[in-house]
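Annotated in TrEMBL:
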REGION    A:1-26  region 'Disordered'
REPEAT    A:94-126  repeat 'WD'
REPEAT    A:184-225  repeat 'WD'
REPEAT    A:226-269  repeat 'WD'
REPEAT    A:270-311  repeat 'WD'
REPEAT    A:323-355  repeat 'WD'
REPEAT    A:356-388  repeat 'WD'
Amino acid sequence: LLRQQEPQQHPWEPGKQTPPPTRSHRLSLPASFAKMATEGLHENETLASLKNEAESLKGKLEEETMFLHDVLFHQVAERVEALGQFVMKTRRTLKGHGNKVLCMDWCKDKRRIVSSSQDGKVIVWDSFTTNKEHAVTMPCTWVMACAYAPSGCAIACGGLDNKCSVYPLTFDKNENMAAKKKSVAMHTNYLSACSFTNSDMQILTASGDGTCALWDVESGQLLQSFHGHGADVLCLDLAPSETGNTFVSGGCDKKAMVWDMRSGQCIQSFETHDSDINSVRYYPSGDAFASGSDDATCRLYDLRADREVAIYSKESIIFGASSVDFSLSGRLLFAGYNDYTINVWDVLKGSRVSILFGHENRVSTLRVSPDGTAFCSGSWDHTLRIWA
Amino acid sequence: LQEGGFSRAGARSRWQTMSTTNNIAQARKLVEQLRIEAGIERIKVSKASSELMNYCEQHARNDPLLVGVPASENPFKDKKPCIIL
């Protein structure tokens with residue numbers, strides 16, 4: 001997305017007139033920069049000149065925003081057929097956690113699920129049969145994050161222990177799962193989210209310490225850290241592998257930030273929510289992502305337009321959205337809320353198509369299965385439900 | 001601390017303190033970040049929206065939760081009919 005910085009547009013080119021950029025005449029720089037250009041950059045920059053440049057760049061960005069925001073997202077969707085009635089029911093209920101379910105993840109085999117709870121337990125389930133296949137007790141309570149490895153042979157989890165640990169899954173009844181535990185990530189505050197990258201070898205973590213980090217699983221080495229959030233980071237999601245090495249994170253600073261995994265740089269940042277962002281999820285094409293927030297709204301951000309394009313909200317919805325995920329085509333957005341419900345949104349038209357009742361406490365986590373046949377929700381009511 | 005009036009020659013004047021240097025460092029960081037943002041290639045919302053829409057339409061028929069799949073194809077849906085006693 002980053003355009004090569006054309007030399008003519010660099011404000012510090014000594015003596016040169018800045019020709020109008022090819023994109024839009026509205027984006028040309030003011031003449032005062034030509035004067036400042038003669039002063040050179042690092043040695044002679046002053047606070048005033050930097051502030052001037054900042055203001056000018058901000059103005060430029062605002063103008064461009066107005067120019068590009070040529071239509072409302074939902075207007076374009078008017079030509080799309082409306083969705084019919086949805087009948088989605090709880091097909092399975094997974095019971096076994098002794099306390100609030102905080103996180104869950106699907107295995108790539110589309111049937112196994114790992115879930116973690118406030119009571120420190122991490123359980124692997126067969127969602128077809130509802131049988132528990134593995135269980136491990138963590139040394140800490142509030143296991144806020146868990147993830148399945150792409151191979152299906154391991155899981156990662158962590159929470160108030162400030163770490164992310166990897167447990168290989170073994171079917172040997174005699175082996176104690178906890179014995180093979182490997183500590184991978186170390187943060188200075190709680191672990192809020194974790195995800196394997198496209199292999200079992202690397203893990204991406206988000207933490208209450210305000211940072212995200214990329215780790216090598218085998219050595220535990222920190223490969224890259226991501227600084228920029230002004231408060232706890234609560235969630236992250238990796239871009240679909242076709243779109244390259246980026247991920248999005250959301251935090252208590254109300255910001256959603258998109259990062260380049262190799263350089264550690266924040267490449268885009270969005271601040272339109274009014275409260276903590278609890279969940280972020282990429283649209284299946286990788287060109288957009290959705291967020292769920294304590295401000296009771298979910299929002300859609302388009303990465304190439306570089307802006308928020310839709311808000312999913314209703315006056316009657318006043319509790320925070322804790323977790324969001326898209327159906328396979330991206331047409332539906334499933335969102336779990338703190339008022340115990342799950343709302344299903346028509347992503348294109350912005351309307352709610354269904355509301356699902358069943359959980360008896362907050363919905364804390366929600367993921368669509370890898371083949372899109374169902375989605376799973378986890379709740380403070382100690383259960384997980386599979387819906388289809 | 002005053003914003004203007006620093007030495008043009010670049011040498012640290014005796015009025016330059018640590019916090020002023022930090023202000024410059026912060027301002028420089030902001031300018032660098034804004035330059036990155038100003039350099040991003042953006043497309044119109046109309047174009048972005050229609051492309052998201054096209055993706056939905058292309059993949060709609062393969063979206064089980066959207067179009068619904070018969071019980072025989074969905075492992076979570078029960079195949080046996082319920083018998084009410």
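Even glycines carry a Cβ here, placed using N, Cα and C.
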Positions on the same chain near the repeat 'WD' (A:356-388), where near means CB under 8 A and six or more residues out: 88-95, 97-108, 110, 113, 115, 117, 125, 127, 279, 322-328, 334-344
Secondary structure content of the repeat 'WD' (A:356-388), with strand meaning DSSP E or B: 0 helix, 16 strand, 17 coil
PLDDT averaged over every residue in the repeat 'WD' (A:94-126): 97
